[in-house]
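> Just passing along the structure, written as C-alpha cells.
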Amino acid sequence: MTAAKPNPYAAKPGDYLSNVNNFQLIDSTLREGEQFANAFFDTEKKIEIARALDDFGVDYIELTSPVASEQSRKDCEAICKLGLKAKILTHIRCHMDDAKVAVETGVDGVDVVIGTSKFLRQYSHGKDMNYIAKSAVEVIEFVKSKGIEIRFSSEDSFRSDLVDLLNIYKTVDKIGVNRVGIADTVGCANPRQVYELIRTLKSVVSCDIECHFHNDTGCAIANAYTALEGGARLIDVSVLGIGERNGITPLGGLMARMIVAAPDYVKSKYKLHKIRDIENLVADAVEVNIPFNNPITGFCAFTHKAGIHAKAILANPSTYEILDPHDFGMKRYIHFANRLTGWNAIKARVDQLNLNLTDDQIKEVTAKIKKLGDVRSLNIDDVDSIIKNFHAEVSTPQVLSAKKNKKNDSDVPELATIPAAKRTKPSA
C-alpha cells in the first residue's frame with residue numbers, strides 16, 4: 001500500500017508551537033461588523049446571523065458592548081438566551097462600569113480592551129501604563145469572580161512599545177486570564193512582524209493568544225495564518241470581513257487559507273457548505289455585493305477561461321485549483337463563450353448538450369466560435385447556437401458512431417452548466 005504524501009502546505013511536523021491544526025474562531029460580525037458603515041442589524045437579524053454562525057460551527061460569537069446602547073444590552077441578553085453551542089462574548093472597555101453591566105447579561109465571557117500605543121494613550125483615553133495595568137487587574141479580578149471567561153487585549157498592539165506590551169501581558173497572565181489579545185487596530189502589521197511578536201509573547205505568557213487583524217493594507221488573512229503558525233490559537237473574523245473602515249479577517253477567506261493547510265481539521269469542524277448562505281445573509285443585510293474575486297463565493301472563484309487552463313481542468317481539476325469547489329457546495333465553470341476558448345472546453349459543452357461531434361468537427365466549430373469572439377462579446381446562447389447549427393449541418397448516420405467514443409459521465413469533472421450569477425445590490 002502506497003503511503004499518503006505529506007501535505008506541502010501544512011505546518012512543519014516539528015513546529016510544536018503552531019496551532020494551524022488546532023485553532024478556534026471568534027466571529028465578530030455582531031460586534032466589529034456593527035461598526036461597518038452600512039451596518040444596521042435589528043434584533044431579529046442579529047438572532048438570524050447568530051444562529052447561522054452557530055450552525056456553521058464558530059467557537060465564539062462576539063457581541064457589541066451592552067453599554068453602547070440600551071438596545072445593544074437587550075440584544076446581548078436575547079442572544080445569550082438562545083442556547084447556542086457557540087460561547088457568547090461581549091467586548092467592553094477596560095472599565096469597571098462596563099464590566100458590571102456586561103457580567104449581568106448572561107454572556108459566557110468578556111473581552112476587555114484598552115489602547116496601549118502612544119497615539120491612543122495621548123489622543124484617546126489619555127492614561128499611562130501604570131493606570132492601564134491597575135485598571136486591567138481590577139476589571140479582570142471582578143470578571144473572574146463571576147465565573148466567566150476573560151480576555152485582556154491591548155489596542156493598537158503593533159504601534160505599542162514592546163516592553164510596555166510584554167509587561168502588561170505578564171501582569172494579566174499572572175492573575176489568570178483565559179487569553180490575551182493582540183490587535184492590529186490600523187492594519188499596519190505584516191506577516192513577519194506578526195510571527196515575531198507572537199513568538200515573543202509565547203515566551204512570556206502561558207495562556208492562549210487571540211489575534212484581531214484589520215485589513216487596511218491587505219494583510220488580514222496572511223497575518224491571521226502567520227499568527228497561528230507562530231502559536232496564537234484564536235482568530236477574530238467577520239462575515240465578508242465587515243468592520244470598521246475596510247474591516248478585518250474575513251471568515252470565508254480564512255477558511256480558504258486554512259483548508260489548504262489543515263484540510264482534515266477544517267472539514268471535520270466547520271460546515272463549509274454554509275459559507276455561501278451566511279455571506280448572502282450578511283451581504284443582503286448590509287446592502288453590498290459579494291466581490292467578484294471573493295475567495296470561495298465570488299462568481300469567478302471557480303471559473304476557468306483560457307483554453308490551456310480548460311483542457312487541464314477537464315483532465316484533472318487540481319492542475320489549476322488548490323481548492324475543491326465541492327468542499328464548499330460550489331461547482332466549477334468552464335467559461336467557453338469567448339475567443340480564448342479551446343476545443344476541449346467546447347467538447348465539454350457539446351457533451352452537456354448531448355450532441356455527437358468528432359474531435360475534428362469540434363475543432364472546426366471551435367474555430368467558428370473564436371472567429372465571432374474576435375468581433376464581439378459572446379454569451380452562452382451564442383455558442384450554443386453555433387454548435388447546434390454546425391451539428392445540424394454535419395449530422396449524418398456516421399456521426400452516431402462517435403457515441404462509442406464518448407467518456408462516461410463519471411470520467412468528466414462535474415461542471416456548472418451556467419456561470420455563477422452576478423450579484424446585484426438590493427434596491428433600497
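Glycine is treated like the rest: Cβ placed from N, Cα and C.
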> Which one of SER72, SER154, SER401 gets the tag phosphoserine in Swiss-Prot?
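Record annotation (Swiss-Prot, phosphoserine): SER401.
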> Looking at SER69, SER410, which one is marked phosphoserine in Swiss-Prot?
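Checking Swiss-Prot against SER69, SER410, the phosphoserine entry points to SER410.
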> By the record in Swiss-Prot, which of THR249, THR396 is the one labelled phosphothreonine?
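Checked Swiss-Prot: the phosphothreonine annotation sits on THR396.
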> Since Swiss-Prot lists ARG31, ARG151, THR185 for 2-oxoglutarate, which candidate among HIS91, HIS95 does it give for that site as well?
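Answer per Swiss-Prot: HIS91.
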> Say a student had to find the phosphoserine annotation in Swiss-Prot: which of SER18, SER268, SER385 would be the correct pick?
SER385
> Out of ARG31, ARG151, HIS309, give me whichever of these recorded positions has the highest number of other Cβ atoms within 10 Å.
ARG151
> Take the domain 'Pyruvate carboxyltransferase' (23-276) and average the pLDDT across it for me.
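PLDDT averaged over the stretch: 94.
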> Around the C-beta of SER385 (phosphoserine), how many further C-beta atoms are within 10 angstroms, looking at every protein chain?
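Excluding its own Cβ, SER385 (phosphoserine) sees 11 Cβ atoms within 10 Å.
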> Across all the protein chains here, work out how many other Cβ atoms are within 10 Å of the Cβ of THR185 (2-oxoglutarate binding site).
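I get 25 for this one.
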> Have a look around HIS91 (2-oxoglutarate binding site) and count the other CB atoms within 10 A of its CB, chains all included.
25
